[in-house]
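Trainee: This structure is in structure tokens; I'll ask about it shortly.
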Amino acid sequence: MIVSYFKVYVACQSMLIVLVGAVPEYHIDQEGIPASRAEFAKHIHFADNFTSIVTEASTSWYLIEQEAYKVSLASSLFFAGLLIGNITFGPLSDKLGRKPVYISGLFFDVVFGYVTALAPNYDIFAVSRFFVGIVNGGMALVSFVLTQEYVGKSFWSFTGSLTNLTFAVGIAVYALLGYCVREWRYLALVSNTPGVLFLLLSFMLPESPRWLYSQGKTAEAEDVLQYIALGNGKERLNLKLKPSAGTLRKDESAPGILKLVKHPVLRWRTIVLMYIWYVCSFVYYGLTLNAGELRGNLYLNVALSGLVEVPAFPLCMFFIEKSWSGRRKTMTCFLVFAGFACILTIFLPTNASLLLGPTLLALCGKMMVSAAFNIVYIYTSELYPTVLRNAGLGVCSMSCRFGGILAPFVPSMKSLSPSVPFVVFGISGLSAGFLTLLLPETLNKPIAESIEDLQSPKY
């Protein structure tokens with residue numbers, strides 16, 4: 001549960017720039033504006049009662065006019081960091097263990113989070129966001145895998161959905177913090193401080209028993225299982241694990257990321273999953289930017305962007321556990337529905353009411369793709385063997401970041417026709433949905449521990 005609720009902290013870090021980089025209304029005195037930057041700052045008057053890096057009093061900040069691009073640049077650096085973190089942390093945790101990589105990442109996440117809040121100038125702020133992205137993205141990925149490997153496969157849909165649900169709730173929590181704390185440095189400090197609590201609590205967590213078992217450390221895996229059983233109020237168990245068929249010999253090296261390319265089964269799965277992850281991110285962020293932009297209260301808008309995802313998670317948990325739908329068919333349906341929602345949006349008048357206009361369809365599409373996003377985490381975890389699970393998730397998450405990077409550029413295609421962006425998102429969702437049918441179903445199937453297990457028909 002510690003690792004699941006920790007996603008609230010991850011959400012605050014991920015959404016930080018939305019409020020910390022917000023641009024309030026302002027006007028500039030037109031008469032007698034001096035040439036020097038220091039004097040120019042005195043002629044700028046901000047209207048709203050909150051501060052951000054845009055309104056920072058230091059003359060080296062004031063990110064308006066020709067300097068406005070720096071706000072987006074800081075956000076891009078964060079996502080670039082996420083990309084690097086997803087690539088590096090997965091293989092590291094497969095080799096060194098889930099817990100040490102997770103705790104190390106969380107420690108540096110907290111450190112760089114405080115650097116962000118106390119940054120004396122924009123350059124340090126931007127660099128700190130880049131490093132926060134690296135450790136935040138990588139450590140969040142490892143924490144998800146760690147959560148899944150603590151429980152039996154029958155609980156993976158619940159723990160996976162709970163983890164992603166707390167992220168959506170975390171967005172709303174961050175909006176509430178922003179409403180209460182209007183000074184951006186204090187907001188960054190308050191948002192980062194829960195990380196200290198989670199860091200201290202994380203030392204109580206055991207190592208993943210599945211990872212220990214895959215490494216041939218059966219005695220340690222047995223101890224962890226005993227610890228978990230006692231924590232659940234069970235009596236001490238009399239268990240003895242059989243040696244894993246895929247246990248490494250001492251003269252062997254741990255399977256690396258190249259195994260995802262060399263192994264024929266893993267190669268095909270990785271290619272398909274990378275595209276699905278890319279589309280989930282591409283359509284999700286595209287709908288966020290394109291469909292019915294909300295006007296009014298900034299903090300309410302941020303909260304709604306998270307809360308609109310909440311209904312997606314009970315839908316996931318219901319359908320993915322049914323034998324007649326499972327993981328594969330459910331994710332296909334959600335992606336196809338999201339694609340159709342995008343395409344149908346172009347047939348509705350933009351000036352229609354909320355119930356009949358494109359805004360409602362766009363929000364439904366976002367809820368559907370959020371559900372697919374939730375399922376793909378769970379589904380991908382089940383498609384990779386334990387020894388390569390983090391590496392596989394890392395590669396797929398990397399392709400996901402490219403979708404997020406490209407999505408903001410699609411709105412510029414409105415110059416061709418207002419419907420073009422939605423057609424692009426719609427076709428992407430439909431193609432990914434149908435491509436999902438090429439993957440095997442994992443419901444009620446055993447989890448592969450080693451690469452050798454993939455040769456067995458039951459996998």
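Numbers run from 1 along the shown chain.
Using the three backbone atoms N, Cα and C, a Cβ is placed for every residue, glycine included.
Automatic, uncurated: that is what TrEMBL annotation is.
If you look up TrEMBL, you'll see 1-444 marked as domain 'Major facilitator superfamily (MFS) profile'. TrEMBL lists 1-22 with the feature signal peptide. Taken from TrEMBL, the feature transmembrane segment applies to 68-89, 101-120, 126-146, 158-178, 268-287, 299-320, 332-349, 355-379, 391-410, 422-439.
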Trainee: Find the member of 126-146, 355-379, 422-439 that has more C-beta pairs under 8 Å to the transmembrane segment (158-178) than any other listed stretch.
Mentor: 355-379
Trainee: Could you tell me what the rest of the chain brings near the transmembrane segment (268-287), counting residues at least six beyond its ends with Cβ under 8 Å?
Mentor: 260-261, 331, 335, 338-339, 342, 362, 365-366, 369-370, 372-373, 376, 380, 383-384, 392, 395-404, 406-408, 410, 421, 424-425, 428-429, 431-432, 435-436, 438-439
Trainee: Report, as numbers and ranges, which residues of the same chain sit near the signal peptide (1-22): CB under 8 Å and 6 or more residues beyond its ends.
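Mentor: Same-chain contacts beyond the ends: 50, 52-54, 71, 74-75, 78, 102, 106, 109, 113, 116, 129, 132, 136, 140, 143-144, 146-147, 150, 159, 162-164, 166-171, 173-175, 177-178, 184, 187-188, 191-192, 194-195, 198, 201-202, 204-205, 298-299, 302, 306.
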Trainee: Have the transmembrane segment (299-320) and the transmembrane segment (422-439) got at least three CB pairs under 8 Å, pairs 6 or more apart in sequence?
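Mentor: Taking Cβ pairs at least 6 residues apart, the transmembrane segment (422-439) and the transmembrane segment (299-320) are not in contact, as fewer than 3 fall under 8 Å.
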Trainee: Take the transmembrane segment (332-349) and find every residue of the same chain, 6 or more past its ends, with a Cβ under 8 Å from one of its Cβ atoms.
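Mentor: Sequence-distant neighbours of the transmembrane segment (332-349): 276, 279-280, 283, 287, 291, 319, 325, 356-358, 361-362, 364-366, 368-369, 371-372, 375, 418-419, 422-423, 425-434, 436-437.
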Trainee: Kindly state the mean pLDDT of the domain 'Major facilitator superfamily (MFS) profile' (1-444) in the predicted structure.
Mentor: 81
